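Report on the structure given below.
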């Protein structure tokens, strides 16, 4: 939907177009050659947090939507061990005990279909975001969120519960791409790491809520499984209260030429910050968008194909690798079907073990806020991937020995180490990498592509992992760890060769570094034109 053709909008678009032509015709005006610095560029992260406390809180509040995502993606893999749920949706009898059980294929269909629907909606999400804005996308996924909760509660057979998982997938398909794009567009470079890491924290917190709810359910009223789904209304209510207070993305408004609305949104986000010049920061944003658009128009128009041309192909691939890595290092095994996995592996109290795992996950992700900024993205991904690969292989080894209380305890310990490595690496950085490595003009599309690829792997693993684990099917049990161990090794090697360090870099600097085609291991030490200008000013 294009902006109304007011004189202000026409003038604003003319200025951007003129700047793009200057960038094309004047070699000295190529992207990165003329830096228009932000007035807050010299602030440290701590200083930025103090001065822009309102923006910091808004960014964190937007990430609350991740709670629903974490909850709805965790419940299907955990509640399947609850007796009340089994009594309602079970369709097969155990050959030895005669007890009612869930059909492993039905469990696979629930998980696989949820992710398949996410793929379809993730392809649609960037289109609606570019055309109508990010805020309408938020209302869309909120609507699907409500429908999913209602259908989960009224479902009486496995097919009706499948409908609930389809609706949940529709909501999740919009959440990931929309929220990541929105956060990246409202934040400043110093707060980008904490803001984007916050989404992974709330995602994990949603998983923890699911674990707590299931543990309480199991120890009090195991037959009343609906209580777990009723609790989702609390998440929905919190998110809805936040949503109605959010402005549209200033960057999207700037793209549409709506200068006054963009500045108004910036004021709402930032508040009254001393010496913060809204007019100057708007010009910085417009300048960067113009440079980004000029980069795109050097090779192609701003369509989907642009994501796969020139340096954008590299940026698109790098944006997807850490995010997809969440599945390939064993996420569907250790976090997706935790209770099911532990119960089959001989853990005495699988629900309690599940609760321990997610408590540690949330705590470790909180710690990652510090380490992602202090240590950097690349080292955490490499070392975290290596540790998870080792843990996966050890889990496989445990699966080859006779089950006992000792093997159950050992499995929990190894899973805890895996979870800490996961929380310090791919959990937060998977989301951070999407928006940091994509170019601003293609961010929504790149986020969509990354989310689609991650969800495609989710479709595969959420369908196959229950079959791998189940005694009804492959009966691999904990030996499934060998499979993910091999994949984790391959992805860790891939990260070393491809994923650069983006810590502390502005989007303008990253544009420059990618245009220079530097190898991943040289990004951290490379000097940019911004560095040269700061030296000249000194």
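Along the chain as shown, residues are numbered 1 onward.
The backbone N, Cα and C atoms fix where each Cβ goes, glycine too.
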286-310, 411-435 - the range that TrEMBL marks as transmembrane segment: 411-435
Does the transmembrane segment (136-155) make contact with the transmembrane segment (229-254) through 3 or more Cβ pairs under 8 Å, each pair 6 or more apart in sequence? yes
I'd like to know if the transmembrane segment (104-124) touches the transmembrane segment (196-217) in this structure, counting it as a touch only when three or more C-beta pairs sit under 8 Å and are separated by 6 or more positions. no
For the transmembrane segment (229-254), which stretch among 52-71, 104-124, 161-184, 447-469 has the most Cβ pairs under 8 A? 52-71
What residues in the same chain, six or more past the boundaries of the transmembrane segment (52-71), come closer than 8 Å to it by Cβ-Cβ distance? 40, 138, 141, 145, 171-172, 175-176, 179, 182-183, 186-188, 191, 194-195, 198-210, 232, 235-236, 238-239, 242, 246, 269-271, 273
Would you kindly check 104-124, 353-373, 411-435, 447-469, 481-499 and say which stretch has the most C-beta pairs under 8 angstroms to the transmembrane segment (161-184)? 104-124
Which of 411-435, 447-469, 481-499 shares the most C-beta pairs under 8 angstroms with the transmembrane segment (104-124)? 447-469
